[in-house]
Structure formats: structure tokens, C-alpha cells
Amino acid sequence: MATNTSTLNSTETVLKTENLNVYYGKFLALQNIWLDIPKNKVTAFIGPSGCGKSTLLRCYNRLNDLIESFRAEGKVFYYGKNLYAQDIDPVEVRRRIGMVFQRPNPFSKSIYDNIAYGAKINGFKGNMDELVERSLRQAALWDEVKDKLRQSGLSLSGGQQQRLCIARAIAVQPEIILMDEPCSALDPISTLRVEELIHELKEQYTIVIVTHNMQQAARVSDMTAFFNVRPTETGGRIGYLVEYDATESIFNNPKQEDTRDYVSGRFG
């Protein structure tokens with residue numbers, strides 16, 4: 001049984017997961033997930049490979065829907081509305097809940113158009129120049145690119161490209177930003193810039209980050225969820241939530257032995 005202790009009782013819940021089971025065909029990938037994501041906090045998902053961290057992350061903006069064999073049972077609420085209800089438009093979900101992927105993936109467009117494109121297709125009618133500048137400033141990239149906005153986004157360094165992708169996500173004015181190992185392809189200096197940016201962004205956004213780097217989780221997050229995986233008799237692997245608590249508690253005083261073993265490096 002997972003320990004799910006909310007130490008942020010005064011904080012509004014943005015996402016609420018209730019008894020979520022995720023299948024790919026007949027294969028059960030995630031089992032019995034109960035988890036509340038607090039507003040304007042950074043929540044980290046940690047755990048060994050194959051435990052379902054990224055699968056759960058993609059449930060929040062329904063990216064898993066693009067996988068034909070995907071099926072979800074249970075409920076995921078966004079401000080009390082079930083994201084998997086029949087009347088919910090997945091495209092609108094993805095506008096409100098943005099995504100930054102493991103490897104930087106800027107469009108093969110100019111830096112300016114990387115930011116403007118999503119806003120245009122979402123019907124933005126305001127001052128586009130101001131939106132582009134504001135988004136790049138929020139992503140701590142404006143000063144580095146303000147004189148080359150018409151150059152290709154692909155001309156930037158890896159760290160700059162990832163911040164461009166964060167700016168692109170910000171431009172469509174989401175409420176939540178999901179980050180799937182956003183620093184795994186970056187050098188240490190670029191990683192530090194992104195971590196500093198995460199601290200700044202949580203003033204305006206709710207952030208959920210998947211990371212294999214436990215030191216990173218300890219540095220950037222307010223809450224941490226530890227997932228583990230158990231083998232089945234048929235050779236499958238089922239991910240499950242072991243413990244969810246304030247990050248300080250997870251790393252300094254975990255309640256579950258498996259959590260203690262993982263954060264101390266005994267397995268994983």
C-alpha cells in the first residue's frame with residue numbers, strides 16, 4: 001500500500017488521480033495510482049526504469065491517447081473535471097497542460113516562429129511580438145536570442161533549445177507544465193540553467209517533472225512521488241506508487257523501506 005501524505009494541505013489541488021490503472025493492450029503498466037498534484041509547486045516522479053513515471057505523466061495531458069493499445073481505468077481530475085470524460089477535447093487538455101520532452105525538439109522554424117506558431121493555431125489575437133518576448137524572458141532565453149529571432153531554432157545549443165521548448169510551452173498559456181527528464185540530454189551548466197528556471201516558473205505554473213536524477217529531484221521539487229516496479233508471473237512488469245510526500249521527508253525520513261533503499265542508492 002502506497003503512503004500518500006499531503007503535507008501541503010493548504011495548497012489547492014490541480015490534478016487528482018483516483019484508482020488509475022493503465023493498460024497497453026492486455027499488459028497492465030500502472031496499477032492503483034492515487035495522487036494529488038498541488039498548485040504552483042514542483043512535483044517530482046522518481047523510480048527505476050519501467051515503473052511508469054512517464055506513462056503517468058502522459059496521462060495528465062492525454063498524450064497516451066496517441067498509442068493505439070492504450071487504455072485507462074480510473075479517473076484523472078483537473079480542477080474537479082474528469083479529463084477522460086467523453087465530452088473532453090484532448091487538444092484543449094494539451095493546451096492547458098503543456099509538455100517538455102526528454103530531448104529538445106524545436107520546430108524547424110525561426111526562433112520567433114517556434115514561439116508564435118502554437119499561439120497562432122490556438123487563436124491568439126494579441127500582440128505577437130510582446131508574447132514572443134515575454135515567453136522567451138520567462139524561459140531565461142531572451143537576452144541570448146533577441147538579436148537573432150529570425151535564425152533557426154535548430155541553430156541554438158542543446159540547453160538553449162530546451163529553454164526554447166519551455167518558452168514554446170509557456171506561449172500557449174498553460175496552467176501546468178509537464179517535464180519528462182528535461183535535462184537528461186544536457187550538460188551540467190545547461191542543466192543548472194533549467195533547474196533555476198524551474199524554480200522561477202513555479203511562481204506562475206504547476207510543474208510535474210520526471211527525473212532519474214535523485215539529486216535533481218531533491219534540488220528542484222517540493223513534493224516527490226517514488227514509484228517502483230514488480231514482476232508478474234508471466235514476465236511482465238507493473239508500476240505502482242510506493243510513497244508520496246514532501247521532498248524533504250522522502251529523502252531524509254521516508255516511511256517505506258523500499259523508498260529508503262532507493263534514495264540511498266541500494267537499488268535502482
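Yeah, the Cβs are placed from backbone N, Cα and C, and that goes for glycine too.
Now, the feature entries from Swiss-Prot:
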DOMAIN    15-254  domain 'ABC transporter'
BINDING   Gly47, Pro48, Ser49, Gly50, Cys51, Gly52, Lys53, Ser54  ATP binding site
Query raised in the report: Excluding Gly47, Pro48, Ser49, Gly50, Cys51, Gly52, Lys53, Ser54, which residues of the same chain place their Cβ within 8 Å of the centroid of the Cβ atoms of the recorded ATP site?
Result: Thr55, Phe227, Val229, Gly239
Report task. Could you tell me which of these binding-site residues, Ser49, Ser54, has the greatest number of Cβ atoms within 10 Å of its own Cβ? Result -> Ser54
Query - C-beta crowding around Pro48 (ATP binding site), within 10 angstroms - result: 16
Query raised in the report: Given the binding-site residues Gly47, Gly50, Gly52, which one's Cβ is surrounded by the fewest other Cβ atoms within 10 Å?
Result: Gly50
Query - Per-residue pLDDT averaged over the domain 'ABC transporter' (15-254), given as an integer - result: 95
Report task. Going by DSSP, give the three-state secondary structure for Lys53 (ATP binding site). Result -> helix
Report task. Around the Cβ of Lys53 (ATP binding site), how many other Cβ atoms lie within 10 Å? Please give the count over every shown protein chain. Result -> 26
Query raised in the report: Among all the protein chains here, how many other CB atoms are within 10 A of the CB of Cys51 (ATP binding site)?
Result: 25
